[in-house]
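**Q** The structure is given below, and queries will be raised subsequently.
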Amino acid sequence: MTDTQNKNYIIALDQGTTSSRAIIFDRDANVVSTAQSEFVQHYPQAGWVEHDPMEIFATQTACMTKALAQADLHHNQIAAIGITNQRETTVIWERDTGRPIYNAIVWQCRRSTEICQQLKRDGLEEYIKDTTGLVIDPYFSGSKVKWILDNVEGSRERARKGELMFGTIDTWLIWKFTGGKVHVTDYTNASRTMLFNIHTLEWDQRMLDVLDIPREILPEVKASSEVYGHSKSGIPIAGIAGDQQAALFGQMCVEPGQAKNTYGTGCFLLMNTGKKAVKSAQGMLTTIGCGPRGEVAYALEGAVFNGGSTVQWLRDELKLINDALDTEYFASKVKDSNGVYLVPAFTGLGAPYWDPYARGALFGLTRGVKVDHIIRAALESIAYQTRDVLDAMQQDSGERLKSLRVDGGAVANNFLMQFQADILGTHVERPQMRETTALGAAFLAGLAIGFWSSLDELRNKAVIERVFEPSCEEAHREKLYAGWQKAVARTRDWEPHENEE
């Protein structure tokens, strides 16, 4: 254990898709200071997204310096650094110089679609699902690594000679912060690469062979809570987790059946399944999260495509509201949605339907329907879609949902949170601390060095600000949900398939 007596702070580095952030926490897990810096998004072609890895490192370093200065702290007062990051985004750099050979290919980038189609044609879907827990998609790192090695001249040969290194953003930052001494990732980030066997907890040789990725470029994989190395100023780097898994830990969802939903543009749902890697029959991803001390625990992950974006649509395209915050007021003005259902399948439907041909629709319109009813139906759609995913997770895992922890921008909406509790028939718990992702990284780092000693101590820090209890009778709940399911069924398979046009 490191001596942490005179070091009363932990810094969490939250490296996101559009900005880098640094958040300093004290021993009571209060936020002492925050710094944020946006960076440039590069779109070289339609569907392609890149970041400059050097800019990511520069903004992350600047945020750390700024957060320390704002709190009037010196680096020798920091007990540890925890890192959480945008997942799947891929960097390859030179071992000797630390210079990237290409921009970082971002998780949203679709350039490796053809590589993924070939994997499907080669009949690898079942193998990849069984081994990595993932579906074949350009989202994950494996096909991005192959694309760089295929397209940067001489890079595969250099990789074989051990001259190049691959990493997700956590790995890249640690390499830079330790002055090129440490090449490491954690189990949560490794589980998002499509190259990692989540059962044996090792890089999968067959996937490396299929994608022609030399093993020499891969980082060592470690637990999410341990000392990996030290920054140039001597601070231990002691926690790593991908952003969604960090939020799951920050919410203290460390036991099987505990789940969290992050309400953003879309919604990210993760449910802890403990020591059991559950293979989903409903299109969920099987991924690695963190157990009580940051050790490997499995989780199911599902995404809702349109959450907050549905409210943005009401504001920007339909002009029904001026501000997203107004939705709570309008939705609460009416006693129900007057039979209206809005299915926001603007880009198809995600889990558990996986229907790219579905399109959005409003159902149940009569002359008595007012704007308030439509606004209410839009908010309700977020809660219904969340139930769709959680029902599928419970079916897959056999775990009963104990409660739902929530974070993200939309959790400030009391109407939405209450309706979520009503339609799930379970407690919805909103934390006092909204920085759950950064808090998860801080918790993992703090546990590793003895800054915090036990899970019970952490649970006391993860204070729940408000619990929303279901106030709706079961018969009414199921009637509302049956209406939603009927509406969803009508939106399915709306667009013609490519071969029908």
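Going from the start of the chain as shown, residues are counted 1 onward.
Placement of Cβ uses the backbone N, Cα and C atoms for every residue, glycine included.
The ADP binding site annotation in Swiss-Prot covers T17, R21, T265, G308, G409, N413. Annotation source Swiss-Prot lists ATP binding site at T17, T18, S19, T265, G308, Q312, G409. Swiss-Prot lists T17, R87, E88, Y139, D243 with the feature sn-glycerol 3-phosphate binding site, giving sequence analysis as the kind of evidence. Per Swiss-Prot, glycerol binding site is recorded for R87, E88, Y139, D243, Q244.
What's the neighbourhood like for each of these?
**A** In the three-state DSSP scheme, G308 (ADP binding site) falls into the helix class.
For T17 (ADP binding site), the number of other Cβ atoms no farther than 10 Å from its own Cβ, over all displayed protein chains, is 17.
Sequence-distant neighbours of R87 (sn-glycerol 3-phosphate binding site) (same chain, six or more apart, CB under 8 Å from its CB) are W107, T168, T188, N189, R192, G242, D243, Q244, listed in sequence order. DSSP assigns R87 (sn-glycerol 3-phosphate binding site) to coil in the three-state reduction, outside any helix or strand.
Packing around Y139 (sn-glycerol 3-phosphate binding site) is summarised by its Cβ count: 21 other Cβ atoms lie within 10 angstroms of its Cβ, all protein chains included.
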**Q** What Cα-Cα separation, expressed in whole Å, is found between G409 (ADP binding site) and Q312 (ATP binding site)?
**A** 13
**Q** Nearest to T18 (ATP binding site) by Cα distance: which of the binding-site residues Y139, T265, G308, N413 is it?
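**A** Smallest Cα separation from T18 (ATP binding site) among Y139, T265, G308, N413: T265.
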**Q** Show which residues of the chain containing Q312 (ATP binding site), separated from it by at least 6 in sequence, have their CB under 8 Å from its CB.
**A** T265, A324
**Q** Give me the Cα-Cα distance between G308 (ADP binding site) and Y139 (sn-glycerol 3-phosphate binding site), rounded to a whole Å.
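**A** Pair distance, Cα basis, whole Å: 21 Å.
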**Q** For ADP, with binders T17, R21, T265, G308, G409, N413, what's the maximum Cα separation in whole Å?
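**A** In whole numbers, the farthest two Cα atoms are 25 Å apart.
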**Q** Test of understanding: give the count of other CB atoms lying within 10 angstroms of the CB of G308 (ADP binding site).
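**A** There are 18 of them.
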**Q** Tell me whether S19 (ATP binding site) sits in a helix, a strand or coil according to DSSP.
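**A** DSSP assigns S19 (ATP binding site) to strand.
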**Q** Of the binding-site residues listed here (T17, S19, R21, N413), which is spatially closest to Y139 (sn-glycerol 3-phosphate binding site) when Cα positions are compared?
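**A** Going through T17, S19, R21, N413 one by one, the closest to Y139 (sn-glycerol 3-phosphate binding site) is T17.
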